[in-house]
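Undergrad: Questions regarding the structure given below will be posed in turn.
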């Protein structure tokens with residue numbers, strides 16, 4: 001497939017071969033980075049980062065990825081410093097920013113915002129998260145992290161823990177994992193279960209799924225535990241949030257019942273769902289996961305820019 005100019009909006013737009021291709025390119029770029037420190041593929045190209053919602057890892061890893069490719073970055077980390085405050089529409093913002101850039105990365109609280117941006121823009125658009133909908137680049141780096149840790153994805157038993165209702169990272173990841181021969185444990189409070197339409201789609205695609213509230217019962221079965229925080233900002237009602245706040249914590253006591261090879265992942269930021277004592281254990285994979293964002297986003301930027 002021709003990647004030059006392609007938008008990256010939803011993991012649903014990817015085939016398994018697309019995913020595997022991105023992971024291979026990312027692996028090659030990681031090796032080149034270790035050898036050379038920085039590359040020149042995107043020299044003369046400009047990335048615009050439009051972050052209408054807070055971000056640390058996604059924004060900085062995209063910026064780092066572009067710099068590592070030899071390109072430049074412009075953008076904003078808060079809509080409060082832009083003409084959006086004056087009432088400018090998203091479409092007009094996109095049409096303006098594309099005059100200055102070769103590729104746009106956007107994070108926005110509105111579901112479908114990235115798709116709208118892609119329809120308006122003539123340069124490629126990459127979705128860095130749209131509300132509780134999709135976060136495709138996080139999914140790709142998650143798959144990359146798993147594959148680097150285990151040498152495979154097929155045959156693994158993976159638990160998704162926490163806010164499965166509002167968490168866009170687990171929505172995208174679950175849909176991507178359906179391409180592989182995996183078994184999924186969906187572990188959450190009743191109020192935060194994975195949306196029914198996603199569960200039904202996964203089952204239709206042949207994924208073996210267990211839905212449970214019991215983390216202790218599930219932990220011995222897992223190869224990967226993917227932890228998410230309870231997304232306070234997505235709750236329409238503070239009382240509903242307080243009902244589920246602090247539902248789970250992953251700590252060393254819990255992990256005594258896990259496989260020695262279990263890896264704990266988290267898209268971060270965390271609040272209290274993983275105790276800091278886990279950080280020094282062999283189970284912790286979440287900071288390696290952070291690193292994975294750079295080669296994976298380098299691959300996506302380079303491919304959509306047509307320089308790889």
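Counting begins at 1 with the first residue displayed.
Placed from the backbone N, Cα and C atoms, the Cβ positions cover glycine too.
Swiss-Prot feature annotations, pasted as is:
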- 57, 58, 107, 135, 138, 268, 269: carbamoyl phosphate binding site (BINDING)
- 86, 168, 229: L-aspartate binding site (BINDING)
Undergrad: Look at each of the binding-site residues, 86, 107, 135, 229, and point out the one with the fewest other Cβ atoms around it within 10 Å.
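TA: Candidates: the binding-site residues 86, 107, 135, 229. Fewest Cβ atoms within 10 Å: 86.
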Undergrad: Using only C-alpha positions, which one of 57, 138, 268 is spatially nearest residue 168 (L-aspartate binding site)? These are the binding-site residues in the record.
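TA: Smallest Cα separation from residue 168 (L-aspartate binding site) among 57, 138, 268: 138.
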Undergrad: Looking only at C-alpha atoms, tell me how far residue 135 (carbamoyl phosphate binding site) is from residue 86 (L-aspartate binding site), rounded to the nearest Å.
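TA: On Cα coordinates alone, these residues lie 28 Å apart.
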Undergrad: Over all pairs in 57, 58, 107, 135, 138, 268, 269, the listed carbamoyl phosphate binding residues, work out the largest Cα-Cα distance in Å.
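TA: Largest Cα to Cα distance for the carbamoyl phosphate-binding set is 16 Å.
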Undergrad: Hey, which of the binding-site residues 58, 138 is the loneliest by Cβ count within 10 Å?
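TA: Candidates: the binding-site residues 58, 138. Fewest Cβ atoms within 10 Å: 58.
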Undergrad: Under 8 Å Cβ-Cβ from residue 268 (carbamoyl phosphate binding site), six or more apart in the same chain: what's there?
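TA: Within the chain, residue 268 (carbamoyl phosphate binding site) has Cβ neighbours under 8 Å at 56, 57, 286, 289, 290.
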Undergrad: Counting only residues 6+ apart in the same chain, whose Cβ is under 8 Å from the Cβ of residue 269 (carbamoyl phosphate binding site)?
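TA: Residue 269 (carbamoyl phosphate binding site) has long-range Cβ partners 56, 229.
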Undergrad: On a count of neighbouring CB atoms within 10 A, which of the binding-site residues 57, 168 is highest?
TA: 168
Undergrad: How many angstrom lie between the most widely spaced Cα atoms of the L-aspartate binders 86, 168, 229?
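TA: Overall maximum Cα spacing for these binding residues reaches 33 Å.
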Undergrad: What three-state class does DSSP give residue 135 (carbamoyl phosphate binding site)?
TA: coil
